[in-house]
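Asker: Just dropping this structure here.
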Ligand code: A2P
């Protein structure tokens, strides 16, 4: 199994000052059922992915774990992310669920663990307490880096202001219809790596005329054009597909380059359009 030559970004907030590198391209597993996850992740690893994104909420960590176990790749070659589910924010629940995540994935050390959603104070959750538990998990040595997902500027300010520990990553919905310029500028200032979820707009962006036109001009598929847009914007991107040939094509993007005019045309598609939930609307 030949690894792709994927560029990596440094997560500046690894444990004990160790440099943790995150491959810029990974495979997403949102909505992949547990009984399909082993096959999908095995396919992804076989076509060269080395970065896999899962979550407690997806209910497929065991399937991902089976793929890791059978793929025959050295653990050090893989980068595995999971996320703390909404009902598990309280300290005891977080610690217990982290143990369950590690058991399901069959790992001693996870590469990245994220707070999946910033739950509102109205749910009786203080995000600072959740973040302190994440820091405790980091200090246990069982995860190489911790971060957040779907955090808005005020959430980032609160947890960093209270703890001085900066999340390595904020994984947010991001694609040409939702370019998230305010958050990205804040991340750059704070040293947070931006990760794009639903990078293809759940597949809906593939029919966007500007994307189709650029795809024809560069001799690539619409999905490849959008993935290049993420990579050339220094984002970490985790497109999801359950089809092996699409997984392979989505990763076959390192011979394609978009020029400044094409990048600008894609940037101009921004209309603040979400395909998923707004972080302020998430409940436990
Ligand atoms: P499928 O899993 O059937 O391949 P996102 O990562 O933005 O959430 O988008 C995922 C959606 O895009 C899924 O519905 C996936 O369908 C579809 N998709 C992913 N890659 C491709 C591709 N190369 N061509 C067509 N559809 C794709």
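Cβ from N, Cα, C; glycine included.
Below, the features straight out of TrEMBL:
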DOMAIN    26-270  domain 'NADP-dependent oxidoreductase'
ACT_SITE  58  active site, proton donor
SITE      83  site 'Lowers pKa of active site Tyr'
BINDING   116  substrate binding site
Asker: Ten-angstrom check, please: count other Cβ atoms within 10 Å of the Cβ of residue 116 (substrate binding site), all chains counted.
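Answerer: Its Cβ has 22 other Cβ atoms within 10 Å.
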Asker: Measuring Cα to Cα, how far is the residue listed as 'active site, proton donor' from residue 83 (site 'Lowers pKa of active site Tyr') in Å?
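Answerer: Here the two Cα atoms are 9 Å apart.
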Asker: Given residue 83 (site 'Lowers pKa of active site Tyr') and residue 116 (substrate binding site), what distance in Å do their CA atoms have, once rounded to a whole number?
Answerer: 5
Asker: On the three-state reduction of DSSP, what should I expect for residue 58 (active site, proton donor)?
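Answerer: Where residue 58 (active site, proton donor) sits, the three-state DSSP reduction gives helix.
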Asker: I'd like to know the mean pLDDT over the domain 'NADP-dependent oxidoreductase' (26-270).
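Answerer: It averages 97.
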